[in-house]
């Protein structure tokens, strides 16, 4: 988030002007779950694949 807040914009007159004040403080979760659909388990057949190929992996969600 820090990197996003440091983004700059500009033209020849206003080089490196900060983006507009579009800041919203982080909100509490209020017991909401944070979920991901990324499978972090490495499968045996993936160990032989070049890491550049793995970058092209696509992930999908599973519905409960």
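Cβ from N, Cα, C; glycine included.
Automatic, uncurated: that is what TrEMBL annotation is.
Across the domain 'Alpha-carbonic anhydrase' (1-38), DSSP assigns 4 helix, 4 strand, 30 coil. Under the heading domain 'Alpha-carbonic anhydrase', TrEMBL lists 1-38.
If you look up TrEMBL, you'll see 1-32 marked as region 'Disordered'.
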Taking all residues of the domain 'Alpha-carbonic anhydrase' (1-38) together, what is their mean pLDDT? 79
